[in-house]
Amino acid sequence: MKVQRGVWIVTVIAVVLFLTVWVFPIVWTLVTSVKLPKDVFTYPPSLIFEPTSANYEQVTAGRRSLVGDLWTSVVIAGSTTLLAMLVGLPLAYAFARLRLRWRNVLGVYTLFTYLIPRIGLVLPHFVILRWLNLTDTHLGLTLVYLSFTLPLAIWLMVSYCEDLPAELEEAARIDRATRLQAFWRIVLPQLRGGLAATTIFVFITAWNEFLFALALGGQNVRPVTVAMYNFISVEQTLWGPLTAAAVIAMLPVVVLGLLAQKQIVAGLTAGSVK
Amino acid sequence: MTRPETQLRNVTVGPDQHASTGDPGRRLRARLSATFDRERPFAALMVVPGIVVLALTTTLPLLYLVGTSLFRYDLTAPAGNGFIGFDNYVRLASDERFWDSLRLSAVFTASTVILQVSIGIGLAVLVERMSRGRALVRMAALLPILLAPVVVGLIWRSLMLTPDFGIVNYLSTVLGLGSRNWLGDPSLALGSVVVMHTWQWTPFAYLIFSASLATVPREILEAAEVDGANAWQRFWTIVVPLLRPAIVVVVIFRTVVALSAFDAVYAATGGGPGTATELVDIYIFRVSFQQLSLGYGSALAVAMLVITLAVTLVFLKMRRAAA
């Protein structure tokens, strides 16, 4: 398409402006995380300063250490993702492939569970966990997280399963493979890409969770999203440690997300373009 | 779903695999019927664990929530706790703070969704014209989506919007708009959290519109150009109608998310100053986990669920009508 020079310039300027607006807060967080307090509070904001690792030392050792909280996040997000994939994948496969008598009802039901606002779940989960003596435990939060990781895992995996060609399974079954063998040896290997993308996406969602962690965690179990919130109090904001904590908290999700960016974009847009 | 599968079975498997073993038709039929025998146990094995876990973690708690909403259940003053029927709902009907939070949520949701959709479409159309750099834009767009909303709230609260050192404040001073207390001034706080939410989620809208635009044949746009339509006319008469299904999807998803916005706003303002940014979910959280009135909190949450569900259903109806 032939585009006039003026239009082209406007386009580039607009796009660059948007990119700046999106990327700047993240870059500025990185920059601030290596500033000493005296550099944080220079006005106007400046890029000329002596970088320091003091903030990172503060949040990885000593009284304000986040290492334990990071580990909590890894354990909870990791186990809930694993469980969600374990029970979610077979269900997604069944929705995509098997004849189910209640297929439509179950499908609508799953979609419904995907759309439940978390504020409606946090309260009963709170009461149920108290009743089961599971408040402030890894197990408790892991199970509660299933209420959003499982619907998400199913929702994403169904479309990957639907895209799978059926021929290989059919051939395997004719070769005396049972349905389970066909699923294990033929379907799973083909689903590798979708499985990886879904696992990453579910893990990111669990890692980023805040409301459940805030209401159902406590002194023992405090995921990093809640822990970093403590760097802001009414009296003062610990800018350096806060931004260092933010960088550490976003690092895993950004790395994972960029690794799987094609699949994640495809997952986000799936169903809305068809 | 089942019919093509059966056809495939006959087509792909048939002669080439079993031609040598004789009488393929009968063998195939025996094999198929044996498979058919195992189908239902197999389906149960695949379906039951998932459905049970779903029911236990989502549906059971919801039923419990509805039950709790009929009780007085205050952890701070347990003496008067007990079944009170619909009293919590009666209280809710005349709870000004609840209706205010609902109005706030409505304004918040409407403004952020409109902003996300219009900026998202505009950017998608612009980027579509670029021959290079699309991958870069996509990567940049993905970043905010990946961040935890609570991290976004904290970053905006401190680095961007703080009155003395924040970047937004610096820009507004440079532009001659003066220094403002963006989150502390009740008249500015709601706008600030709308901007914050829009910042994080416009990329989502952009990605969907951009994927949707990529499916539009270039000839359509080029034909319009030959016809002499200018960019603005092309946008309204061709691009927008083509994007209509994507717009409906974005509106549905973003509305549901914005209606239950909590993390970022809570981290940025905690609902304040006063109740200036007290969205419904923040009010429910305060009632439930700060005042520890679990019964009344449950009634509020039930009301919110019903509203969300109703909005979703209306949108889905509209989507069906549009399709």
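Glycine is no exception: its Cβ is also placed from the backbone N, Cα and C atoms.
Predicted automatically and left uncurated, TrEMBL annotations should be read as such.
Under the heading compositional bias 'Polar residues', TrEMBL lists B:1-10.
Per TrEMBL, region 'Disordered' is recorded for B:1-25.
Annotation source TrEMBL lists transmembrane segment at B:42-66 (among others).
For B:102-315, the entry in TrEMBL reads domain 'ABC transmembrane type-1'.
Residues 133-134, 137, 190, 193-194, 197-198, 201-206, 208-210, 212-213, 235, 239-240, 243, 247, 250-251, 254-255, 258-259, 261, 277-281 of the same chain sit 6 or more residues outside the transmembrane segment (B:104-127) yet have a Cβ under 8 Å from a Cβ within it. The transmembrane segment feature in TrEMBL is assigned to B:104-127 (among others).
Marked as transmembrane segment by TrEMBL: B:139-156 (among others). Among residues of the same chain six or more beyond the transmembrane segment (B:139-156), those with a C-beta under 8 A of the stretch's C-beta atoms are 192, 196, 199-201, 203-204, 206-207, 261-268.
The annotation transmembrane segment is assigned in TrEMBL to B:188-209 (among others). With a cut-off of 8 Å between Cβ atoms, the residues of this chain six or more beyond the transmembrane segment (B:188-209) that come close are 104, 107-108, 111-112, 115-117, 119-121, 123-124, 127, 138, 140-145, 147, 149, 152-153, 156, 160-161, 180-182, 243, 246-247, 249-250, 253-254, 257-258, 261, 264-265, 268-269, 272-273, 276-277.
Residues annotated as transmembrane segment in TrEMBL: B:242-262 (among others).
Residues annotated as transmembrane segment in TrEMBL: B:294-316 (among others). Same-chain residues lying 6 or more positions outside the transmembrane segment (B:294-316) and placing a CB less than 8 Å from one of its CB atoms are 62, 65-66, 68-75, 81, 84, 88-89, 91-92, 98, 102, 248, 251-252, 255-256, 259-260, 280-281, 283-284, 287-288.
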